[in-house]
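Per TrEMBL, the features are:
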type: COMPBIAS; residues: 396-409; note: compositional bias 'Low complexity'
type: COMPBIAS; residues: 425-443; note: compositional bias 'Low complexity'
type: DOMAIN; residues: 62-202; note: domain 'EamA'
type: DOMAIN; residues: 235-373; note: domain 'EamA'
type: REGION; residues: 384-443; note: region 'Disordered'
type: TRANSMEM; residues: 62-83; note: transmembrane segment
type: TRANSMEM; residues: 89-111; note: transmembrane segment
type: TRANSMEM; residues: 123-142; note: transmembrane segment
type: TRANSMEM; residues: 148-172; note: transmembrane segment
type: TRANSMEM; residues: 184-204; note: transmembrane segment
type: TRANSMEM; residues: 233-253; note: transmembrane segment
type: TRANSMEM; residues: 265-286; note: transmembrane segment
type: TRANSMEM; residues: 292-317; note: transmembrane segment
type: TRANSMEM; residues: 329-348; note: transmembrane segment
type: TRANSMEM; residues: 354-374; note: transmembrane segment
Amino acid sequence: MAISAHHLSSAQLRDQCVPLSVSLSSCHLNLNQPKSSAAILEIRKIAMASCCDGFMEKAKPYFAMICLQFGYAGMNVITKVSLNHGMSHYVLVVYRHAFATISIAPFALILERKVRPKMTWSIFFQIFILALLGPVIDQNFYYAGLKFTGPTFACAMSNILPAMTFVMAVIFRMEKLELKKVRCQAKIAGTLVTVAGAMLMTLYKGPLMEMAWSRHAAAGVEAPAAAISGRDWFLGSMFVIVATLAWASLFILQTHTIKQYSAQLSLTTLICFVGTLQAVVVTFVMERRPSVWTIGFDMNLLAAAYAGIVTSSIAYYVQGLVIQRTGPVFASAFSPLMMIIVAVMGSFILSEQIYLGGVVGAVLIVIGLYSVLWGKHKETQEKKADTKLSLPTSKGDNTGAAAAEIAGAGDDDDDDAERSRNHRSSGGVRSSSASNGHGASAV
């Protein structure tokens, strides 16, 4: 039966037309299917590009830290070559920190010109002690230990830095021991294992281990290294331990100094500059021959410039960026990679001899290192969780407490604002961890 359109109500007419419009729409989509496929392909391309960009963004910290470990490893190998060629490690320290001062000073002058705190006699005295601990004591003893042993051994031994810093922080009551918590037990156990590894490396030399690749390596730039005597092994171990102790002491003092002098680039520049002057005095006392100051366009100049510019300047900035984004534990976890790189490079370039005692001790030190870092990571997570829990959850229950905190936090807000301005003006880099210039870092 035919039904006329004028006999239908508006609602009935609309119901009859909807299926028709849907079918027409589907026909329209089918007619334009090739165009839709092209759009889908374009969307897929954009999605893949977005995924690649996201992957690259996440991979940047890993790539940066791996590059840093290669940079630190190159510094150790190049420095060992320079010392083998007869360069005085006292002079090397002077030139290294002169290069570091020249390379960092322009950034400090430009980026921190508006936020640099006023210099006082108290701050200057602290900078003087920091320069004495870092550029003078740490660098000279580390280079002496490197000369007596080898780059792989020195790098492995320097990984005791986080454990040594933890012990000193406990002694100076900057770290609380909570023996009932697993994280604290992990840090204590890691410290004991690290000390055991360092003692094993110092007291037990063991038989010589031959690397598979070093047997077939072509003649390198260096003659095969002579066997290390037991006396040199022990002295080199003690020198590296003293250097690490000096740098751990620097971290403890720097924690106090940075609260009074928050311009970090300026502080680093001043430490390098004062350390250069102190190293000059030490060199004049220890080296009486004027010829030791002679340096040409050779390996000695490369060692000083590389150590000063790459490991004391570029590495400081890059590591600061990584720490700002990922935290100090992430940056410290890459230290053992440098030891492996140095072992391979040293066996190829220096024909370095590696002994069983050094390998076993290095394995213990790495195990202890990661135990300490795990405990520190858990501690950081707990602090973040406590901070979130301490925030007000409702206006009614916490109004009085919030008002009391606001009333008593005027000075803290000013300090936070000042730190925020310093953070922005210094390029956004705030370092929670520092490297000792050899690749090891303390959390």
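Note: Cβ is positioned from N, Cα and C throughout, glycine not excepted.
Residues of the domain 'EamA' (235-373) grouped by DSSP class, helix first, strand second and coil last, total 120 helix, 2 strand, 17 coil. Across the domain 'EamA' (62-202), the model assigns an average pLDDT of 89. DSSP assignment over the domain 'EamA' (62-202) gives 116 helix, 0 strand, 25 coil.
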